[in-house]
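What Swiss-Prot says about this one:
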- 1-21: signal peptide (SIGNAL)
- 24-45: disulfide bond (DISULFID)
- 24-38: region 'Loop I' (REGION)
- 27: site 'Moderately important residue for binding to acetylcholine receptor' (SITE)
- 28: site 'Very important residue for binding to acetylcholine receptor' (SITE)
- 30: site 'Moderately important residue for binding to acetylcholine receptor' (SITE)
- 38-62: disulfide bond (DISULFID)
- 39-44: region 'Stretch between loop I and loop II' (REGION)
- 45-62: region 'Loop II' (REGION)
- 46: site 'Moderately important residue for binding to acetylcholine receptor' (SITE)
- 50: site 'Very important residue for binding to acetylcholine receptor' (SITE)
- 52: site 'Very important residue for binding to acetylcholine receptor' (SITE)
- 53: site 'Moderately important residue for binding to acetylcholine receptor' (SITE)
- 55: site 'Moderately important residue for binding to acetylcholine receptor' (SITE)
- 57: site 'Very important residue for binding to acetylcholine receptor' (SITE)
- 59: site 'Very important residue for binding to acetylcholine receptor' (SITE)
- 64-75: disulfide bond (DISULFID)
- 64-75: region 'Loop III' (REGION)
- 68: site 'Very important residue for binding to acetylcholine receptor' (SITE)
- 76-81: disulfide bond (DISULFID)
């Protein structure tokens, strides 16, 4: 009985995949495509876009930040969804 219970606990932990982390793109507008493994607890990715004297700037990363007016923000919750 103890063996069955222990086996059930191990299977549950493996199936739940405790400690799962999100992977997001984190490159800037003109940079080569790169990804980042997000910190535990960060379950979303963001794509932030604005314009200034340099032209259109795009920033990507983990989380879903608060932005100022005039900045376009898209947040998503799947792997590398912020391209």
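A Cβ is built for glycine as well, from the same backbone N, Cα and C atoms used for every other residue.
Looking only at the recorded positions 55, 57, 81, the one with its C-alpha closest to residue 64 (disulfide bond) is 81.
In this structure, the C-alpha atom of residue 30 (site 'Moderately important residue for binding to acetylcholine receptor') lies 9 angstrom from that of residue 57 (site 'Very important residue for binding to acetylcholine receptor'). Taking Cβ-Cβ distances under 8 Å and a sequence separation of 6 or more, the neighbours of residue 28 (site 'Very important residue for binding to acetylcholine receptor') in its chain are 57, 58, 59, 60. Here the candidates are the recorded positions 24, 38, 50, 52, 55, and by Cα distance the one nearest residue 81 (disulfide bond) turns out to be 24. When pLDDT is averaged over the region 'Loop III' (64-75), the result is 96. Residue 50 (site 'Very important residue for binding to acetylcholine receptor') sits 15 Å from residue 75 (disulfide bond), taking the C-alpha atoms as the reference points.
Among the recorded positions 52, 62, 68, 75, the ones whose Cα sits within 10 Å of the Cα of residue 45 (disulfide bond) are 62, 75. Outside the region 'Loop III' (64-75), and at least 6 residues removed from its termini, the chain residues within Cβ reach (under 8 Å) are 44-50, 82.
Here residue 52 (site 'Very important residue for binding to acetylcholine receptor') is compared against the recorded positions 24, 27, 62, 68, and the shortest C-alpha distance is to 68.
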